[in-house]
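Features of the protein shown, as given by TrEMBL:
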- 8-345: domain 'Kinesin motor' (DOMAIN)
- G96, Q97, T98, G99, A100, G101, K102, T103: ATP binding site (BINDING)
- 507-563: region 'Disordered' (REGION)
- 523-539: compositional bias 'Basic and acidic residues' (COMPBIAS)
- 541-561: compositional bias 'Polar residues' (COMPBIAS)
Amino acid sequence: MPGPRPTKVKVYLRSRPCEKFADEMIEFGSDGKSVNIYNKKRTNSQAYVNNQITDWSFKVDGILHNVSQETIYDHVVKEIALNVLDGYNGTVMCYGQTGAGKTFSMTGATENYQQRGIIPRTIQHLFKEIHNNQDRSYTVRIGYLEIYNEQLFDLLSTVPLQNASEFNTGLSIFDDRGDVFVKGLTYQLCSTEEEALNLLFEGETNRSIGAHVLNKESSRSHCIFTIRVESKPISSSSDKYTLSKLNLVDLAGSERLAKTQSQGITQKEAQYINKSLSFLEQAVIGLSDSKKSFVQFRQSKLTHILKDSIGGNCMTRMIANIWPEGRHMEETVSTLRFASRMMNVTVEPAVNEVIDPMRMMQKLDQEVKMLRQELAMHDTLTNTKGHSHEPLSEHQLFEIENQCRRYIEGSLDEIEIVNVRQIKASFSAFRRICKLMERDVETRLREKYALIDKNNVDEIAEAQKAGYTLADDSSLVGETDGQGFGLGYAPKDSRVSKNDLLKITKKNRLKANPKSSSPVMDQKNKSSIQKEDKKDYAKETSGNLTQNSKDQFQRLSTPPSKNAAFEEFKSERGNEINRIWNENKDILSSKRRQYSDLAHKINETKSLIDQTRSEVDRKRNERLALGEFVNEMGETIIDEEEFGLIKKLQDLKARYRDDFDRWRELKAEIVYCQNLVEQCRQRLIQEFDAWYNEIYLSSGLYANKDQDGNYGSAVFRQYEDAVEKFERMQIENMSNEMESLPYNTARNRTEKRRTYNDAMERSAHHYISSAGYGSTTPHTYQLGTPMRRIANPPPGKLTVS
């Protein structure tokens, strides 16, 4: 596949759908690539000349106005995703003001499968293409980086982000041969689409999101979702493979502080965001200027990370998101100006080929074997004997070292040279012998001489008492030897004095490690607290009804059983969902019958194939026993019966393959139908419980009788809490397409895991004691300790007048 030619960065304009579209101020050209801006603000006074620019005209590569998420992906990202599998780097970024729809374009709405954004669609497309391409093996790794207030955070790290200001990220940016890497960033290995979506949703839960004047869930940081793809040929023996990456960048929105009036943390975040975006624009201006030889990328973390993404050998696309309302016209013009500058940046995409070291070693080993065979053949042709081209053995190295020792001693006049390996081994042996000789000389000298400090009178006196003789310079001691020689002067600081040694020892003794202490709860106090909790709970939950309330409840009947009520519900309000449930069950039963029948059919076909193959083998053996007959072309002649058996065997194999493919499709359809039946059953039960609660319980016409025969107050719990409502809405909004199953499964699993982790973290913290209602005395409970918490006080006693 020929690579893309050098070209400019492509920029696409996407407008946010809004009710107050500025028709008089924004005009989209009929060619789909031009945008005209008209500023209708005019001054009433015409007494002076106003040279302020009020009209602008911009050109882009495409205008995407009121289009779907699928159209965005097909026009902007699809081509880059395909080239990433071929070894090209790619980058897609969203730029615009706060609330213009950048995060929606990049990530999409997680509640609706059809509204998913660029990242989940790219994941689905890549794994689909990888599954279809059987000629190459692919390895996919995913990383998710966040830049918040000029700090780097790994959104896929297993460390919980409890406090961003105190959390030590440990991430740093470095360059390596033209590529930019983030040291310490986690890249998770993914083998399926669902695993990649799990990582996406896990990273989304760790993002920095805050409320803003223009957006309730505004992204307060820059996020870069990186997909690294390693592609290797399966059948080829080449030692080269491709290593590419795709950066999907969701930039934080720019804003005007004088207009939004942000304060506090929001103001600080906006200042960091505007600063990094300004440096990004400066880098883009520098890249678009061909006369400028140096571009400053290290002014901010964002520009440093995107150094190899904007320009260079990367295929870059940008989506300029605008908010086409009159009150946001200044931000719209600013976004379009940045888009125009981005279109002047030149990119030269190239395939990123890497040499595989393992295959290179295998290739070199084969080449070495071939060269050894050639040398052996050369020795044979030249009648050269006794030469070995293999690495020297331990015995040969030992013999070479002995030859070198004898050569040094003089017992050997010369060393016979055989090959280059022997020469190198001889030099190595000479080096080892020289080092051993130096070590022996130093050892003998240390045995005969000792070094002392000439300024230390005590040591000199002790040496004289021991019988040692001082040298002429009074700094050397040892035995007198006419053939000896001086070792040199002893340095003054070579030995620690006795006073200094005593000071160091005393200082080390004074150091003491403080003993760690941990508070322990008194068991008596703990047991007394538990007793008080039990008494208070008994007082709070105790209560009696008045005689009037007893008489009133005695006149009422009990609600019907749930079985009878369920039959009534299926005939009334739940008629439609019950019908859908029954239809899905019928379809599932039909699929299962087809699945079973097809399995029996496949087994029968397999038996027929085995029988036919046996008959074909029998006919072939009979023909070989009688002798083969061939025609003039050398082809074997077979009789009609054998030909019919061979034709029958081919037909049976074709039927077997078709039935087996259909059997696998039915298996996938059965799994899908089972999920539909289970969803319908869950919804039918939820609707019935809500209906039963509304009709028979929430109306207050029925009461519960306790074990003593007294009627208690009708304390009814509301059927669904916030979490249950949200889960029910997820099931209702879930698409019925097979393609949405990995997306929804990954999203739900990530949310449940996040909720569980938050609950476990809270359970390890300090809780408020329930010793008395309204008490705020803090107590510490270990993880797993049962606790009683009352959200609302129980009803008190009612007095009978």
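If you go along the chain as it appears here, the first residue is 1 and each next one adds 1.
Heads up, the Cβ atoms here are built off N, Cα and C, so glycines get one too.
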Three-state secondary structure, G101 (ATP binding site) (per DSSP): coil
How many other Cβ atoms are found within 10 Å of the Cβ atom of G99 (ATP binding site), counting all protein chains shown? 22
On average, what pLDDT score does this prediction assign to the domain 'Kinesin motor' (8-345)? 84
Using a 10 Å radius around its CB, how many other CB atoms surround T103 (ATP binding site)? 25
Taking only same-chain residues 6+ apart in sequence, whose CB is under 8 Å from that of G101 (ATP binding site), what do you get? R14, R16, N321, W323
Restricting to the chain of G96 (ATP binding site) and a gap of 6 or more, list residues whose Cβ falls under 8 Å of its Cβ, or answer none. K102, L251, G253, S254, A320, N321, I322, W323, E331, T335
